[in-house]
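Feature annotation from TrEMBL assigns transmembrane segment to 16-38, 45-65, 71-90, 102-121, 141-160, 181-199, 229-250, 256-273.
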Amino acid sequence: MNLYDLLLAPFAEFDFMRYALVSVFCLSLSAAPVGVFLVMRRMSLIGDALSHAVLPGAAVGYMFAGLSLPAMGLGGVAAGMLMALLAGLVSRFTTLKEDANFAAFYLSSLAIGVVLVSKNGSSVDLLHLLFGSVLAVDIPALQLIAAVSSLTLITLAVIYRPLVLESIDPLFLKSVGGKGGLWHVLFLVLVVMNLVSGFQALGTLMSVGLMMLPAITARLWAKHMGALILLSVLTALLCGLSGLLISYHIEIPSGPAIILCCSVLYLFSVILGKEA
């Protein structure tokens, strides 16, 4: 097997591989920067919580419209934002911290989602929601991923400075009249949107991996925001390409292959990263 057969032939010969490559690249461009902000805000596990919260909304969409991407996407966004709102409200009116409430709500959401899908679908449908299939991405899914990626990048460009300040020193932002709550809500919307766009390709459980692992890996090599974002995107792109090729050649699921590539780079960075 020559280099062409190893690296280029899968994408040159098969449409589904090209669709998968474009979808993973789009997800990498938007999800990785969002992951950097989650890491800087010490909200890494909240991304995981929101990925679980998407499941019941997607399941409700599936109940009404089957495997319809618009219905499941809208349901996922609604469920994710509802959980974020409820966790924030409970934190405001009780002594519990926001992360504790996210944990409580995401466990409940995951259980509800699994029950709904199991009751009204099949184990295959449940596995599709949980783990996705990047090799089964079609044109509508690709359009959704590209739209969310574009919207995320534009929004981050617009709110970059206040979001960085709110992530590093929220008290100072509040003291100068900054609308910290607004940036926090907008940021959570971006997190949910990226998780929802990624569930078709990677599933609700794997999509958070492409968001968090490249960002965590980048943090082990750099500490300035610009370098962190650039390095996280490059890491996600490299792992996405490598995972697709490994998945194709040795016939394993594409989503886990991509996340395992991210995990290998993370472990390498833990040992050798200059900021480790």
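Cβ atoms are placed via backbone N, Cα and C, with glycine included.
Of the two recorded stretches, the transmembrane segment (16-38) lies close to the transmembrane segment (181-199), with three or more CB pairs under 8 Å once pairs fewer than 6 apart in sequence are set aside.
It is 71-90 that, among the stretches 71-90, 141-160, 256-273, forms the most Cβ pairs under 8 Å with the transmembrane segment (102-121). Sequence-distant residue pairs (6 or more apart) of the transmembrane segment (45-65) and the transmembrane segment (256-273) include fewer than 3 whose Cβ atoms are under 8 Å, leaving the two stretches without contact. Taking Cβ pairs closer than 8 Å, the transmembrane segment (141-160) reaches residues 19, 22-23, 26-27, 29-31, 33-34, 69, 73, 183, 186-187, 190, 193-194, 196-198, 200-201 in its own chain, all 6 or more past its ends. Remote same-chain residues near the transmembrane segment (71-90) are listed as 49-50, 53-62, 64-65, 96, 98, 101-102, 104-106, 109, 129, 144, 188-189, 191-193, 195-197, 199, 204 (criterion: CB distance under 8 Å, separation of at least six residues from the stretch ends). The list of residues near the transmembrane segment (181-199) in space but at least 6 beyond its ends in sequence, with Cβ under 8 angstroms from a Cβ of it, reads 27, 30-31, 34, 37-38, 46-47, 50-51, 54, 58, 72-73, 76-77, 80-81, 84, 129, 132, 144-145, 147-149, 151-152, 155-156, 159, 162-163, 166, 206-208, 210-211.
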